[in-house]
Amino acid sequence: MSLLPYNATLCRVLRHNVKFIRSVQTSAARVSAEKTPIQVWGWDYLMRQRALKRPIAPHLTIYKPQMTWMVSGLHRVTGCAMAGTLLIGGVGFSVLPLDFTTFVEFIRGLGIPWVILDTFKFIIAFPIAFHTLNGIRFIGFDMAKGTDIPSIYRGAYLVLGLAALISLAVVVYPRWERHKKATLPTNH
C-alpha cells in the first residue's frame, strides 16, 4: 500500500493554507505602537482622574437604591441562577449514577432539622415565583401597560409580595397536609 497519493493531497492542502495565511497577514491592518490623538487624550484623562483619587467608573453605592433597578437586577440574577442550576443539575443527574428521587431521599435521610429544610425550600421557590411573576410584568411593559412610575412601583411591590406568599405556600402547604393527615381520627 502506497502513501504517495495521500501525501500529495496533504501537501497540496497545506500549500493552500499557507497561501491563505500569508494573504491574511499581508492584508490585515498593522498594529502600531504609536497611539492616536484620542487614545493619548483618553489615557491622560484617566491618569488625571486617578491622581485626584476618583474612581474610573461610578459605583452602585453612590446611587440611592431604587425599586426599578433593584427588581430588574433581581430578575436578571434569578434568571441566571435558575439557568445555572438547571444546567448543573441536568448535567449532574445525567452523569451521576443517581436520580432526583434518590437524591431527595438522601437529603431526607440526613435528619436535617425542618427549619433548615424549609428555609432552603423557600430559597429555591422564591426565585422561581419571582422570575415568573416579574416576567409577566415585563410582558405588560412590552405592551406599554403600566409604564408610569407609580404603576412600576406598585407592580414591583406586588410581584415581590406575591412571590413571597407563593414561596411561603409552597413551603408550608405540604407540612400542613402532613399535619392534617396525622391528626385525622382513624375509624376502626
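Using N, Cα and C of the backbone, Cβ positions are placed for all residues, glycine too.
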Sharing a topological domain in Swiss-Prot means sharing a membrane side, so do Pro58 and Thr183 qualify? no
Would you mind listing the long-range same-chain contacts of the topological domain 'Mitochondrial matrix' (32-69), meaning Cβ under 8 Å and 6+ residues beyond its ends? 152-153, 156-157
With helix taken as DSSP H, G or I, strand as E or B and everything else coil, how many residues of the topological domain 'Mitochondrial intermembrane' (96-113) land in each class? 10 helix, 0 strand, 8 coil
Hey, which bits of the same chain come close to the topological domain 'Mitochondrial intermembrane' (96-113), Cβ under 8 Å, at least six residues off its ends? none
Determine, to the nearest whole angstrom, how far the Cα atom of Arg76 (ubiquinone binding site) is from the Cα atom of His131 (heme b binding site). 8
So which residues does the transmembrane segment (70-95) touch in its own chain, when a touch means Cβ under 8 Å and the partner is 6 or more beyond its ends? 103, 127-128, 130-131, 134-135, 138, 156, 159-160
